[in-house]
Amino acid sequence: MYPHLPCKIPGLSLIYDDESKVEKSKQLSTNASSSNFVKEDQIPSNLSIDNINTPQGDPIDKNNLNTNTENNLPNIVNFQNISSANSGEIKQKDNEILFSSTEDINQHKENYQDENKIDLLDVALANPKDCVVPSSGLLMPKEEFISNEEVGIPATNSSEKSNVKIADEIAEVTHSNSSIGKSSADLSSDSSSDSESNTSFSETDVEEEKAEEKSDAESMAPSTPPKTVNELPEQIYEKPEIVLQPNSLIEPLGKIIQVLKREVVVKSDIDDEKIVFDEKTVLCFEDRSIIGYIHETFGPVSSPYYIVRFSTEEECSAINACMGRPVFYVPTMANKIDPEPLKYIKGSDASNVYDEEINPSEQEFSDDEAEVAAKQLKKKRKRKAKSMVSGNQALPGEANFQSLNQNNVRNYPFYQTNQGSNPPAKRFTQEPPSSSLYSLSESSINYSTQSPMYYNYNYPQPSFPPFHPIYNDSIGYYSQANPQMYYANQVSAPPPQGSFDPNSKFYRNSSDSYRK
């Protein structure tokens, strides 16, 4: 880009100038002061490219320019003040274009600005103090402006946005006031109905308040553990009114392992399994202060646990029980039990409805023999069901299939097993003869002499030629009970030649034993 040519982008001609900003601003200010700026469709007079964009120390050398540069340069036009040229003709000067009407001037001015991209933004950047007000803009008087401080909203760059916000706030206030006035009017018009509804509301409010007070009282009440339907009421445990003397005999029992609100759990440290205590046994500490009675014994016989219960929490805290403190028993006030029968009692954890004990008959087996018998019966039922399935006898609701044995071989007979090859062919099945065939054979014309035990074949019984008398003895070997042995194409051999002639060598009497 040539430095003496104007910048084609509006407002950026100062950036591509070789002169400093200070000198450029001075030059533009002098040119701007000599020209007259107007607000509406007026441009400064004597405005040219030479005195704006061309530096003073760098004159234009037309010899260095291209041939098309002079043709591309814009026509320099010096516009006179339009106010002085209202309707008269403007004379033409040397190398200057003059116009006779304001319309031609305006049209040429627009074309001039479009071609050379020169507008008032360059002048405004050079002279920030001078303002150029467009003709379409109308300023609002200062009296009509409302400051942001008075309204109470943050300041913005645009006055129009602030005015819109103010108008919206005023509309909201008026809408709320109208709704309040409308609601007050509705209340005044429906005063009679409101009085009736207030009375009904007051009654329901009282009931709700009572219910809330009751629920609050229940929540503030001390929580109690849950109970079943038929659970017995809490028992009042008495504390033994006994005072032990300093020389009273006591024996070590164990240590406290847990302290609850109204219970103390003691674990026995006695190695002897024969020493097990039952209820009503008095326990005490090493200083012979009474703890209370044993109320429950649980756990294994070798190392049982004992529970001492109290009626209130104050009684439990009064004995100063703590975990790990040794506990003793008084031999003269101990209630021992024999643990040997307890070894043969098999307990049950089963429970009935409402967590109650079930009947002994419904509990778990207490007799080993009865338990063994029940298990054997259960196994027998399973074995029977399995055999029914393996024998191709389908159970109700089950599929008919053949089970596999341990060797992964189906339960075929021994002569049908063919391991390592293709599975055996399907066996030929034939229904056995029934007694109903007897009546069928008697009523049949073709088979009137047929035995009722014969199969009813689709083809007639085969016929045979007569036999020679010499073969009568051998006919007995062929039983008539199995007609499948005879076929129509299989006929006995004819007798030898001359067998009927007594003089022939082949003649044999029927009485002769030719088999000898």
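Each residue, glycine too, has its Cβ placed from N, Cα and C.
Ser366 is the residue among Ser158, Ser178, Ser366 that Swiss-Prot labels phosphoserine. Swiss-Prot marks one residue of Ser29, Ser159, Ser189, Ser361 with the annotation phosphoserine, and that residue is Ser361. Matching 69-96, 489-516 against Swiss-Prot, the residues noted as region 'Disordered' span 489-516.
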